[in-house]
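*Asks:* Just lifted these from Swiss-Prot, have a look:
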- E77, E102, D129, D152: S-adenosyl-L-methionine binding site (BINDING)
- D152: active site (ACT_SITE)
- K156, D188, T225, K226, F227, E228: substrate binding site (BINDING)
Amino acid sequence: MTQTFADQKRKTVETAEFTEDGRYKRKVRSFVLRTGRLSEFQKNMMNDNWGTLGLDYQTEPFDFAKIYGNDNPVVLEIGFGMGKSLVDMAFANPDKNYLGIEVHTPGVGACIAYAVEKGGTNLRVICHDATEILRDSIADGALGGLQLFFPDPWHKAKHHKRRIVQPHFVAQVVQKLAGNGFIHMATDWENYAEQMLEVLSANTDLVNTSKNGDYIPRPDFRPLTKFEARGHRLGHGVWDLYFVKK
């Protein structure tokens with residue numbers, strides 16, 4: 001049976017940690033590969049539009065000026081889910097370039113479909129482990145900002161080590177940010193918000209924009225996500241953090 005590009009992309013993500021040279025092998029992962037069904041529509045969207053909207057992992061830094069056709073700042077979003085808020089932000093901010101990373105192929109397919117519907121040329125998506133993209137495919141100082149909205153909270157204490165927001169992750173992101181680049185995080189888990197605040201505040205290259213030294217009100221430019229709406233329904237608060245590189 002012939003595999004389509006979308007099938008191969010899913011296979012690549014699912015087997016990445018088992019390659020013979022060990023390059024993709026990681027002991028602790030911040031995500032779980034969900035096995036949701038990739039619909040025929042999503043598959044077709046990926047197959048038909050990957051050449052214009054998709055980027056593949058590579059071992060040398062992306063040439064963003066060539067990819068986007070301009071020198072506008074690049075905002076990276078990790079874990080965009082189904083991609084609606086990412087596409088909406090890209091459409092609302094044509095003066096910025098957006099790069100989204102998601103390992104869940106149905107989400108990638110849905111994001112591409114919505115991007116095609118909305119139009120615009122300032123969005124690209126990647127279906128790969130974000131830590132490897134940061135490590136190998138993005139040059140130091142190349143990003144205008146990082147967005148991390150409602151990452152997996154790994155709410156059990158024994159799983160907190162799996163949370164993506166750790167000192168080494170933040171240090172890696174800061175290295176990739178240009179001067180005055182931002183890190184914007186949001187979560188509906190108070191314990192995770194506290195960890196985010198602690199880790200971000202401990203990095204001496206970052207400045208908290210909160211007047212109180214903790215969280216900021218939800219900014220108008222961040223679209224309401226389904227995770228945030230779920231949090232409201234469950235009676236959870238939502239915490240936004242916005243730090244800037246010195």
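Heads up, residue numbers simply count up from 1 along the chain you see.
Cβ coordinates come from backbone N, Cα and C, glycine included.
Can you tell me where each of these features sits in this structure?
*Replies:* According to DSSP, D129 (S-adenosyl-L-methionine binding site) sits in a coil region rather than a helix or strand. Taking all protein chains in view, 20 other C-beta atoms sit within 10 angstroms of the C-beta of D129 (S-adenosyl-L-methionine binding site).
Around the Cβ of D152 (S-adenosyl-L-methionine binding site), 17 further Cβ atoms fall within 10 Å across all displayed protein chains.
Cβ neighbours within 10 Å of T225 (substrate binding site), excluding its own Cβ and spanning all shown chains: 21.
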*Asks:* Of K156, K226, the binding-site residues given in the record, which has the fewest other CB atoms within 10 A of its CB?
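*Replies:* Each of the binding-site residues K156, K226 was scored by Cβ atoms within 10 Å; lowest is K156.
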*Asks:* Since the record lists E77, E102, E228 as binding-site residues, which of them has the fewest other Cβ atoms within 10 Å of its Cβ?
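*Replies:* E228, out of the binding-site residues E77, E102, E228, has the fewest neighbouring Cβ atoms within 10 Å.
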*Asks:* Between T225 (substrate binding site) and D129 (S-adenosyl-L-methionine binding site), find the distance joining the two CA atoms and give it rounded to the nearest Å.
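*Replies:* Computed Cα spacing between T225 (substrate binding site) and D129 (S-adenosyl-L-methionine binding site) is 22 Å.
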*Asks:* Determine, to the nearest whole angstrom, how far the Cα atom of D188 (substrate binding site) is from the Cα atom of D152 (S-adenosyl-L-methionine binding site).
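*Replies:* One finds 10 Å between the Cα atoms of these residues.
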